[in-house]
Structure formats: structure tokens, C-alpha cells
Amino acid sequence: MRSHATTVTSRLVNASAPLLFFDSGVGGLSVLGPTRALLPAAPIVYVADSAAFPYGTRSEAEIAARVPALLGRLTERFRPRLAVIACNTASTIALPFVRAALDIPVVGTVPAIKPAAERSRSRVIGVLGTEATVRQPYVDDLAMRFAADCTVLRHGSAELVALAEAKLAGEAIDPAAIAAAVAPLTGRGMDVVVLACTHFPLLADELAEALPGVEQIDGGPGIARRIARLTEGQPWPEPPVGHIVLFTGAGPGPHMVEAFASYGLGDVRHV
Ligand code: DGL
């Protein structure tokens, strides 16, 4: 039954149909990187909703209204084979609404609490995300199901999101700013931290310095494997086609354009 469904899907997918990556900013690159390593021939449309950045300080109502509508328009325009909401804030708030609105598979990014609980010896784990993500019932549910015997420290930081954007814009990052942003998580016995915002793996080195001895859990590689499984057997364009990067508001400066190019995305256009 399952292989029949896969065969039918594969036959229907147009080889040039892209994978649509969506985030408020550059955070989606932390999911795009491992995805491109597994699926180098996949055409990519990367959309940064810079007009509404940052998402993490917005209300649930704003995100729930904006994200499905925008993804609906993008799907009509680009006809992707699959959409990746490469943003924990949008996923933990709007994933069911996006799935209901689109007729393609939608992959979300939600805090990797389960692997964190499996790896923690101290039984104190951190969830480092945006302010909006860490207050979601979705996170309560994951903590209850997978980390019931752990103390789960939650911390939301808009500052770290801004620092990740600044790093990719070519600015020097002050280690003291990173240390101040994660200070509420220190001195509490935490040995594993979930990077529950896709921007934060872009600061992995800086976070390792600020949180020595704390293992970071990045959900990106697992999401990439899921995308590869969902597109298994599907055709890809031969020869590979170009990619598109779209910013809904303010566009990227020259350093950020280079950062996108270093992920193989050189063609930058505005919506
Ligand atoms: N990258 C996004 C996330 O994973 C949010 C960053 C923001 O816009 O606040 O939550």
C-alpha cells in the first residue's frame, strides 16, 4: 500500500518542482545546509519573511494569520513539491493551519526535546528559543511526553536571533553579548540544550564558548533526513536548475548575499 502511494507520488512530481524553505530570516539556512548535503540536485526556493522579522516577539494571532496566508501565496507561485517551515516559532504556532491550507507535504521544525532528554545525564535540559516558542503549549506537550523526569529550563532570546542575523551580515559578534543572552540558563546544572530556534545553530561556536560543557541539540540534520525520506524516488532536474532567494521586505546586504551563496544559493530576488 505504502510503496504504491510512493510510486504514484513520484510519477506526479515535476522534476523541476522546488523545495520551499521558509523562515523569518536567515535561520532556515541551518536546515537548508544539511538538506543540500543529502539532496544536492534539489531546486530550492528560500523565502525570508523580512517584512515581519522577527517572529519571536510577535503574538500567536499574528503568526497564525500571517504564515498560512503567505505560504499559500508562495505555493501558488512556485508550485513546490514540499514546504519546509524552517522556523520553530512559526511551526509551533501555525503548523496545523499551514497543513490544512496546502495540498503538499509540509515539514515543520519543533524543539528536539526527545533527543535532548535521551542524552542528558544531569536530567536538566534547556530549551533555548524565541520568547514566542518557549511559551507554546506544543513545548509543554513535548516536555511532558519526552522529558517528564527532567527539569526543563526554557529561555527565549530575541537578542540571539538578532546576533545570528548580524553574524551573517558580516558583523563581529561580541562574546559578552552571547554570554549575557544565555546567562539565565547557566549555573543550574544543565548539560544539554535544545537549539529551539533555527537561527541558533548559526551561532554554535559562540554558544559553545558561552555554555562550556553543554551539549547542543540541533534538529536540522534530522529534518533534512525527513525531507529526503519524503522525496525518496522523486525525479530531480538534470542538469540542476538555479535556486531563488526571496526577501518579503528589506533585502540582504552584500555579506548576507555571500552567506547565501556559500549555501549554494546565488540568485537573489525580491517578492
Ligand atoms: N528562526 C525562527 C525560529 O526558529 C525565529 C526567529 C525570529 O524571527 O524571531 O524560531
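Any Cβ shown, glycine's included, is placed from N, Cα and C.
TrEMBL has this to say about the protein:
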type	residues	note
ACT_SITE	Cys87	active site, proton donor/acceptor
ACT_SITE	Cys197	active site, proton donor/acceptor
BINDING	Asp23, Ser24, Tyr55, Gly56, Asn88, Thr89, Thr198, His199	substrate binding site
The answer, for which of the active-site residues Cys87, Cys197 has its Cβ ringed by the most other Cβ atoms inside 10 Å, is Cys197
CB neighbours within 10 A of Asp23 (substrate binding site), counting all protein chains shown, number 29
Cys87 (active site, proton donor/acceptor) and His199 (substrate binding site), Cα-Cα, nearest whole angstrom:
8
Using the recorded substrate site (Asp23, Ser24, Tyr55, Gly56, Asn88, Thr89, Thr198, His199) as reference, state which further residues of the same chain have their Cβ within 8 Å of the centre of those residues' Cβ atoms, listed in sequence order.
Gly25, Gly27, Pro54, Cys87, Ala90, Thr130, Thr133, Val161, Cys197
Taking 10 A as the limit, how many CB atoms besides its own sit near the CB of Thr198 (substrate binding site)?
33
Suppose we draw a 10 Å sphere around the Cβ of Tyr55 (substrate binding site). How many other Cβ atoms does it contain, all chains included?
27
Rounded to a whole angstrom, what is the largest C-alpha distance between any two of the residues Asp23, Ser24, Tyr55, Gly56, Asn88, Thr89, Thr198, His199 that the record assigns to substrate?
12
To the nearest whole angstrom, what is the C-alpha distance linking Thr198 (substrate binding site) and Cys87 (active site, proton donor/acceptor)?
6
Could you check the binding-site residues Ser24, Thr89 and say which one's CB has the most other CB atoms within 10 Å?
Thr89
In whole Å, how far is Asn88 (substrate binding site) from Cys197 (active site, proton donor/acceptor) when you measure between their Cα atoms?
5
For Tyr55 (substrate binding site) and Cys87 (active site, proton donor/acceptor), the CA-to-CA distance in whole Å is 9
Can you give me the same-chain residues 6 or more apart in sequence from Gly56 (substrate binding site) with a CB-CB distance under 8 Å?
Ser24, Thr89, Gly129, Thr130, Glu131, Ala132, Thr133, Gly156, Ala158, Val161, Cys197
